[in-house]
Amino acid sequence: MMGILLALFMGACMFFVGTLLWVICINFFTVDIPAAISHPVKLWVFHCISELFLTWGMIFEKLGICSMPQFVRFLHDLKPVKEDPDVVATNLCFGTVPVRLYQPKAASRTPRRGVIFYHGGGGVFGSLKLYQNICTRLSKESDSVVLAVGYRMLPRHKFPVALRDCITATIHFLKSLNAYEVDPAQVVVCGDSMGGGIAAAICQKLVDSPDLPKIRAQVLIYATLQALDLQLPSCQQHKSVPLLTESFLFYCMFNNLDISPSWKSTMMNKAHLPAEVWEKYRKWLGPENIPERFKKKGYQPMSPKSLDEDAYLETNIILDLMNSPLIAEDEVVSRVPEAFIVTCEHDILRDHSLLYKKRLEDLGVAVTWQHVEDGFHGALSTLDLGYLEFPCSTRILNAIVHFLKGL
């Protein structure tokens, strides 16, 4: 018996060391750490840890033990959560959607601002527990009631399940603000990455809902806002920059939208959409809408190739406005609430937000823009991670708090 246990232990150690060495070697040669990042070694270590989780998950998925996304979420939820004595966190369910409510413990003579938070993670990473520190600090420092939504994720739940869960939780909250002592004139939606795209889509969906309190503002943190053009300047410049590389971006997109990975090269060549579609959306997606300073390095404009009709038939879900709020019609976008937009210089999705910022401004929607020169995709998620925390995460949170207090 001892021999079997010893063999299992040795096998586990070899598996751990082997995969760790594999991840380190691969990422040493393939990852691009920009010189402007304040702590390059720290970012590389953080990325290797993330890749190690993904690699283990992929192996277990192939062995039929569990899916990769489930394994990754199990691992990141092992991290202890810090409780703050000044904030009360309450687990609730709005219908079948789990949510977590954060309320400052101190009494308030007037109703507080409400912030509905949709986490990011591409349907792979992310959970109520992982984002607890961020939501706790957001509630405490902005003196707001924060509602975090625990929407369903991969592998079982694809688009539009996450969006539907978030809409359900948002409407429930908007209809019960009095119960949580929230000011109906001060409700803000907020999200990072995929959650930022959800926030933008919900603002658009609710513009014609006179029976609900109007959303006061939207906070979009390096949001995912379109899936049509995968050759924007930032997509070319930062395809190998952590924490969101091109390969992981495609994994999330293909799995969430149920698109075959075999269409990657076709989409990269811009052969997945008809010429009339490209022409229709060029006024909003064209690189001329991006300031010149963001196109100086590592960008080669690419014209669409001849249409692959099979690719179009299988990928046209990307044209769904709830998936690509950047391409919604002017009549809708012109009526969304004012926005606070966070972009990070070294982010593959940077130009999504730059394009949406221009659309909003052109249509007369007020925009406050925070550009983080040493930032990268996922920077906010390093908040309160000890050695792995980046200074820009605190700057992003402080900027959001400042914006909320100024509403």
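Just so it is clear, glycine is given a Cβ too, placed from its N, Cα and C backbone atoms.
Summarising the annotation, TrEMBL assigns transmembrane segment to 6-29 (among others).
Sequence annotations record features per position, and here TrEMBL assigns transmembrane segment to 41-60 (among others).
Per TrEMBL, domain 'Alpha/beta hydrolase fold-3' is recorded for 115-246 (among others).
Per TrEMBL, active site is recorded for SER193 (among others). Counting Cβ atoms from all protein chains shown, SER193 (active site) has 28 others lying within 10 Å of its own Cβ.
Feature annotation from TrEMBL assigns domain 'Alpha/beta hydrolase fold-3' to 306-379 (among others).
Shown in sequence order, TYR222, SER234, HIS238, VAL241, LEU244, GLY375, PHE376, HIS377 are the residues of the chain, 6+ apart in sequence, with a C-beta less than 8 angstroms from the C-beta of ASP347 (active site). The active site feature in TrEMBL is assigned to ASP347 (among others).
The 10 Å shell around the Cβ of HIS377 (active site) contains 27 further Cβ atoms across the protein chains shown. What TrEMBL lists as active site is HIS377 (among others).
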Would you mind listing the long-range same-chain contacts of the transmembrane segment (41-60), meaning Cβ under 8 Å and 6+ residues beyond its ends?
19-20, 22-24, 26-27, 31, 33, 66-72, 75-76, 124-125, 242-243, 248, 376, 382, 387-388, 390
Helix, strand and coil residues within the domain 'Alpha/beta hydrolase fold-3' (115-246) as assigned by DSSP:
50 helix, 26 strand, 56 coil
